[in-house]
Amino acid sequence: MSASPLKVAVTGAAGQIGYSLLFRLASGSLLGPDRPIELRLLEIEPALKALEGVVMELDDCAFPLLSGVEIGSDANKIFDGANLALLVGARPRGPGMERSDLLEANGAIFTAQGKALNEVAADDIRVGVTGNPANTNALIAMTNAPDIPRERFSALTRLDHNRAISQLAAKTGVAVTDIKKMTIWGNHSATQYPDLFHAEVKGKNAAEVVNDQAWIEEYFIPTVAKRGATIIDARGASSAASAASASVDAARSWLLGTPADDWVSMAVLSDGSYGVPEGLISSFPVTTKDGNWSIVKGLEIDEFSRGRIDKTAAELADERKAVTELGLI
């Protein structure tokens, strides 16, 4: 185990997602049993005492791969030299808050974090945004980090991707490993479009295997898109462990690459592919290699899918307009 530790910064580290995420990272779930990890944990001042308790638990696990932990409330110190930043912390949506209120509340957070990353992160930094509204938070952070290549920023739609795989596996009676080429298009919101029409079940087209357009439209798409709200209703709290697991999955795929016969969903900077306006952070089917992603090209988009992709892209454009008017980008 001679490799130098990967410096992983996590924001909102004492929160619910952070609590699930840190132990996965420290145990080697990200890069396997041979690469040590140094955790750099950012929290707001009132949460630092709770974070100290989490660090005690990390210590008590005696993880062989955990080479060190640093905590603090100063982003410039915590992000210093970071190779991977997982921006989990965000202002939660409270009762009566509209999404526009959420955009404004989180704008200041991601503006400051983008600037700090720009100043002190390592040259090979990759930034994954989990905190909602994730796509536009990623856009704000990216815009405030002009010296970091824009393709180094991504927002999390892997949770939606995993949810879609799980639902399709249950419907078709196969293992989740039998499903390939699932795609989430657009925003990590209720407008997202989980696309079965290019997915495969044991090598066969998923939509043809399902052979039930009503199920796709009336059950599959809304179940995946609104799963977070359903979990809140059942659990009394938002999905934390699954979001943490998806954050690890997404970072691992980004850093280590996708299999030759599969792709993943990542919200990345649009180059205009599939009619999604250039400059938005939108989810696409992507392949990854050597820490870089590429949007899968050449997929046929039917009329049904076109309408869904356009709808979620329009929401992203509205969010971009809102944060532009707020002076955040």
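Heads up, residue numbers simply count up from 1 along the chain you see.
From the backbone N, Cα and C atoms, a Cβ is placed for every residue, glycine too.
Taken straight from Swiss-Prot:
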ACT_SITE  H188  active site, proton acceptor
BINDING   G12, A13, A14, G15, Q16, I17, G18, N106, Q113, T130, G131, N132  NAD(+) binding site
BINDING   R93, R99, N132, R163  substrate binding site
* Asked: Rounded to a whole number, what is the top Cα to Cα distance in Å among the residues the record ties to NAD(+), namely G12, A13, A14, G15, Q16, I17, G18, N106, Q113, T130, G131, N132?
  -> 20
* Structure fact -> Closest by Cα to G12 (NAD(+) binding site), out of the recorded positions R93, N132, R163, H188, is N132
* To do: Determine the minimum-neighbour residue: among R93, H188, listed as recorded positions, which Cβ has the fewest other Cβ atoms within 10 angstroms?
  => R93
* Which recorded positions from the set A14, Q16, G18, Q113, H188 come within 10 angstroms of N132 (substrate binding site), judged by C-alpha positions? -> H188
* Can you tell which of the recorded positions A14, G18, Q113, G131, H188 lies nearest to R163 (substrate binding site) in space, using Cα positions? -> H188
* Which number gives the other C-beta atoms within 10 angstroms of the C-beta of N132 (substrate binding site), all protein chains shown included? -> 22
* **Three-state secondary structure, which DSSP defines for Q113 (NAD(+) binding site)** => helix
* To do: Have a look at the binding-site residues (Q16, Q113) and report the one with the fewest Cβ neighbours inside 10 Å.
  => Q16
